[in-house]
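Going by TrEMBL, these are the annotated features:
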type	residues	note
DOMAIN	19-461	domain 'Major facilitator superfamily (MFS) profile'
TRANSMEM	21-42	transmembrane segment
TRANSMEM	62-85	transmembrane segment
TRANSMEM	97-118	transmembrane segment
TRANSMEM	124-144	transmembrane segment
TRANSMEM	156-174	transmembrane segment
TRANSMEM	186-208	transmembrane segment
TRANSMEM	342-365	transmembrane segment
TRANSMEM	371-396	transmembrane segment
TRANSMEM	417-433	transmembrane segment
TRANSMEM	439-457	transmembrane segment
Amino acid sequence: MSTKGVFGLTGRALEKLQVALVVAPAFILFGYNQAGLGGLLTEPDWVKTFPEIDTISGPNKSYHSTIQGVVVATFVIGALFGALSCSYTGDKFGRRAVVLAGGICTLVGEILECSAFQLAQLIVGRIIIGLGIGQLSATVPVWQSETSGAKNRGKQVIVCGIFMCLGYTLESWIDLGFFELEGPVTWRAPIAIAIAFSLILIASVFLFPESPRWLVRQGRIDEARSAITVLRGYSDENAMELQAELTGIELSLEESNGASLKDMLSMGEDKLLYRFCLCIMLQFYQQMSGSNLISVYTTILFQQNLGMSGELSRVLSAGALTWKFLSSFIAFVCIDRFGRRAVFIYSGIGMCICMICLAICTSMEQHSAQIAAAFFIYLYNFFVPVGFLGGNFLYCTEVAPIRLRVAMSSISTANHWLWNFVVVMVTPIALNTMGWKYYFVYAAVAFCIPISVYFLFPETMGRNLEEIDMMFRESPSVLATPRFAKTRPIAMPQEYVNEKSGVEHHGSDLEK
């Protein structure tokens with residue numbers, strides 16, 4: 001790529017353009033398609049077209065609830081395999097190629113879905129969309145973290161969560177707008193609108209630099225140097241900061257040379273199993289603390305569980321997701337100011353309290369209890385995005401070593417989709433059988449978040465990715481790592497050059 005940048009933009013301006021043309025459409029598609037069927041499941045023409053999943057007027061509601069859960073979950077199954085595929089394709093073909101493939105999959109799936117007249121075609125469309133979203137969710141945060149500077153990496157990646165919330169919000173208001181109409185347009189048009197975001201993503205992805213870390217791993221050093229020059233806005237390719245960053249990447253690759261997927265299941269000096277478990281744990285928490293339950297099934301919770309009208313349920317659902325979108329900006333402000341640990345702990349405590357209160361309120365039949373339940377759904381949507389809509393993807397890309405970053409990110413993201421599948425599959429049945437007691441499951445998981453984060457999760461704020469590698473390597477033990485991260489000074493750029501030159505000088509001294 002030319003060092004003149006994209007449309008003459010380099011540095012921070014280029015990062016903002018990449019957010020607008022790649023991150024925004026990718027994660028709007030994530031939120032929009034994941035929430036895409038939640039508000040449509042009770043539309044009259046939807047029920048008429050797909051009577052096999054009618055849980056409103058059908059005689060076999062329990063059976064239809066199971067089928068409905070399967071249909072909604074096919075998207076998640078596709079996403080799971082899409083994310084897993086990135087453990088190979090991400091390092092084989094590069095970040096940009098995988099993002100392009102994800103955009104093409106979402107486009108094809110959306111066309112199939114909005115034109116469906118049979119349940120089978122709808123399911124195929126959902127699976128293909130899922131494949132694309134799985135690839136995007138596993139790769140875009142990695143690409144963002146690898147192309148961002150240490151000082152603003154948190155903000156650059158946390159916007160993934162903001163745009164995911166925007167996708168949820170757009171879907172809910174569009175669903176409400178078409179609710180007043182009649183016929184197939186009430187559900188076909190909302191699904192088709194997502195096609196525009198897929199087209200923007202496909203057209204934009206190759207405008208931007210490839211990850212310099214991937215380029216170094218492929219031995220394309222000159223291209224990596226040019227990419228860093230454009231991404232950081234340096235005036236020439238010989239700047240000390242540029243050379244220091246390039247040297248740090250090379251050192252990190254040398255240290256992790258020979259690492260393979262099976263090494264993630266062993267500790268060793270790099271503590272790979274520990275780091276892998278942190279990623280798996282975070283993505284488990286994101287799903288099993290109730291985030292997807294509230295996002296996807298908000299309309300159904302208001303309409304079927306709280307007994308509200310279809311129109312009022314959609315208004316409240318759209319309002320709740322809009323509030324969630326606005327609340328997600330708190331993470332944008334706090335993630336690089338107070339750190340990753342603080343937002344995870346704060347978010348976990350809030351989600352736990354809200355789920356307990358929601359269970360208590362929905363166990364009562366009084367009108368005042370319904371109002372209180374709606375309030376706690378809104379309050380829950382305040383706490384979730386603070387730590388677990390973007391922060392989870394960010395942290396997983398930070399703690400993974402360069403040679404296993406895509407693999408670790410893709411497998412942990414697949415774990416995210418696995419538990420997403422569990423939630424989507426189980427929720428319709430659980431709401432019909434367990435009722436209010438179902439919320440205590442999520443409260444129990446959320447209760448574990450602040451405890452585990454405090455004792456196990458080291459702070460990564462302000463450190464570049466290669467320095468985080470060094471931090472894990474130098475810490476004396478797993479339990480000591482969070483304390484060690486507090487005391488280890490932030491590395492300066494020259495440290496990487498000195499370390500490499502120190503190794504070289506040491507070798508020459510021995511030769512003498």
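All residue numbers here begin at 1 and follow the chain in the order shown.
Backbone N, Cα and C atoms are what each Cβ position is placed from, and that goes for glycine too.
If you look at the transmembrane segment (186-208) against the transmembrane segment (156-174), you find at least three C-beta pairs under 8 angstroms, all six or more positions apart, and that counts as contact. Per-stretch counts of Cβ pairs under 8 Å to the transmembrane segment (62-85) identify 417-433 as the leading one among 156-174, 417-433, 439-457.
Sequence-distant contacts of the transmembrane segment (97-118) (same chain, at least 6 residues past either end, Cβ-Cβ under 8 Å): 22, 25-26, 29, 33, 49, 78, 82, 86, 89-90, 124-136, 139-140, 143, 188-189, 191-192, 194-195, 197-199, 201-202, 205-206.
Stretch with the most C-beta contacts under 8 angstroms to the transmembrane segment (342-365), considering only 124-144, 156-174, 439-457: 439-457.
Mean model confidence of the domain 'Major facilitator superfamily (MFS) profile' (19-461) amounts to 87 (pLDDT, 0 to 100 scale).
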